[in-house]
Amino acid sequence: MENFSNSKRIKSEKLGIDLIRSRIEGYVKDLKLRHVDVDELVERIVSGWCEDMTRKETIDYCSETAASMITKHPEYGQISSRIIVSYIHEITMDSFVEKIKYIQKHRGMVSEEMYGIILEHGETIEGMINYENDFLFSYFGILTLMKSYLIKVGEEIIERPQDMFMRVALQIHKTDFEKVREVYNLLSGHYFTHATPTLYNSCLKNPQLASCFLITPREDSIEGVYHMINQAAIITKYSGGIGLNLHGIRSKGSSLRSTGGRSNGIIPLIQVLNATKRYINQGAERRPGSIAIFLEPWHMEIFDFLELRKNTGPEEFRARDIFTALWINDLFMERVKNNEEWSLFCPSQAVGLSDVWGEEFNALYCKYEKTISRTVVPAQKLWKAIIEAQIETGTPYMCYKDACNRLSNQQHLGTIKSSNLCAEIVEYSSGEETSVCNLASICLPMFVKDGWFDFEAFRRVVKILTVNLNRVIDFNYYPVEEARRSNMRNRPIGIGVQGLADLFAILRLAFESDGARSLNQDIFEAMYYSAMEASCELAEKEGPFPSYEGSPISKGIFHFELAGRKASGNWDWEGLRERIRRHGVRNSLLIALMPTAGTSQIFGNNEAFEPHASNIYTRRTHAGEFQIVNQHLVNDLVRLGLWSYEMKNLVIENEGSIQNITSIPHEIREIYKTAWEIKMKSVIDLAADRQVFVDQSQSLNIFIAKPTYSQLTSMHFYGYHCGLKTGMYYLRTRPITSAIKFTVDKKLAEKTLSSMNDTDDPCSMCSS
């Protein structure tokens, strides 16, 4: 325990300027950094130096000072990271086993099974760990890990990032050390990551590793409603994000047979869920509890539902910590398009309407319009209320009920009634089954090899993740029985991606280019094929998932065929179909493109499949406020001899855009268009192209700087007609007024811009 007895002493020790300079010079030499000015960095450190700073305070100050220069060049971020990681290594023990013992002694949080495995096989496990890989993290990534992911005792960080990765590998494969090594090496090398709850809870007591839970109330009664609230509370306690639907809960004013009273409707119920979410804290400063509530647009209280997150209005009708989402049927979209009437019903009278979809829904809905009481509104009036809510609050999400059911390998189980917290999971849930999804994402930039995307390496990793997520299903702790029952019966998984925009930049592909569109399709076809192949191989050994019979895949129908599309011919789909006919598949669902908000920060990738929001921006997280530079852009401009203090100021002055900086070659400007400059039609086209190979859905954000009714209507209908399941996760908008850019020397920027050569000579880097 020597490291821990010395930890406080190390923190309180003082570091001198000479030692700081020596260390920085060593980092620059070791990392072969060509763009770090040691004298300038040390000068900045000296300018704010305080003689009585402790070692911990000095480390924080020096790393923050280096990080403040990231906009000068991303290499300063490597210095920041090196300072922090070196310090973590100083104050933590070298032995993984000793750290686990220490955690168990002081917090008692390691599971007895995993504790026994670690103690028995400690030498084997420690021989696999490479702590040098901790230095692969960016400054931003390492701070995020320190703040929220690495295990602490009190305020003391006990483990290193590699220890966390080893916990994950051990949790998944236990004593199968060949697979433990394989998974650890890929995690350590930043090829993929498991979901945040898996990183948090692996090897701990009650290892709840799943991200997403979808709840349907058992019944419209006090007992049914509070059973749902109880489930939500317990799942939130164990780091799960929740999507639930209230389609079947009666509306305000409807009669209560048991008491003779009147229902207060869904708004007070949503406020109870809102308060529950606020009350329950998931692991202190870790993942906060979150709930998304789905409602069909025929529900009598739909207009009040749309008001829930608005900034103004009576507080008794607001629940701003809840995320709202719509579960939209085709008939509503048709009526909006044709400017027809729309009927609102109380679910206690419109019995079974949420239980059907497609033509069956249309027939029942039209029957109810003729036979039961209803409120009639113009469909476009409701549509306008939806758009107004989205412009003000960014929500509700737009999920298309009929597409989600029509294009689902779980359609044989019953009607799917909602998505999840992030609108990428589409699974069947009922009063008896709370659906679950276990997630992981692949870091796409890691598969660039000699200027090409390495599909074989990519396919190998997809197959490894498919196996991993099956083990997660098997070894997961299920906080409620309904979740265990559903996950064991249907065995859905969700493999996603991060860094698609980074991949395009590395390969010199503009987001809107034909090349990007083609690669996008090829990646997700390969991903679906590889996951399906691995799932079939597992089924050969372990049998198909228990609810396999009757599913589309049991009939030899792939997801892209449900969508009426054909595969490219790159892969042997017919051979795979024949193998599935013989053995089945182990999983009902395979691909789900989640937001990756937390893990992409750790691994230094752009989120999921999104375009870059900016080329220079401030990131705010639990760990603080950070300036992020698009390092691919900086590297390109450095090669062209264009990156300078003045250029940095120009990019800041242009709010992270380079489109008006004509000294930058046109090809480069095309590659680094931001989300605000890319046509949303192109973003939706990419989403639609990959959707045919995504058997769940995708957390698709829409970026419109100053959205209007007509713009949003156009985007929604375009995505709907393209066959998207999730038409919109969040609507991202920009502030009406820009913040004052205190760091910009505006006159110098203008002078530099006017003096630059504005000819668009071809870029040699883009011609290959």
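Here the Cβ of each residue, glycine as well, is placed from N, Cα and C on the backbone.
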Cys212, Cys346, Cys366, Cys536 - which one Swiss-Prot pairs with Cys437 by disulfide:
Cys212
According to Swiss-Prot, Ser211, Asn420, Glu424 bind GDP; which one of Thr193, Thr196 is annotated to that same site?
Thr196
Need the DSSP three-state call for Ile222 (dTTP binding site) to compare against my parser.
helix
Taking each of Thr196, Cys422, Glu424, Cys437 in turn, which of these recorded positions have a Cα lying within 10 angstroms of the Cα of Arg250 (dTTP binding site)?
none
Fewest neighbouring Cβ atoms within 10 Å: which of the binding-site residues Lys237, Arg250?
Lys237
Alpha-carbon spacing, Ile222 (dTTP binding site) to Ser211 (GDP binding site), which is rounded to whole Å:
28
Taking 10 A as the limit, how many CB atoms besides its own sit near the CB of Cys422 (active site, cysteine radical intermediate)?
28
Would you kindly give the Cα-Cα distance separating Lys237 (dTTP binding site) and Asn420 (GDP binding site), rounded to the nearest Å?
17
Cα-Cα, whole number of Å: Asp220 (dTTP binding site) versus Glu424 (GDP binding site)?
27
Cα of Ser211 (GDP binding site) to Cα of Cys437 (disulfide bond): how many Å, rounded?
6
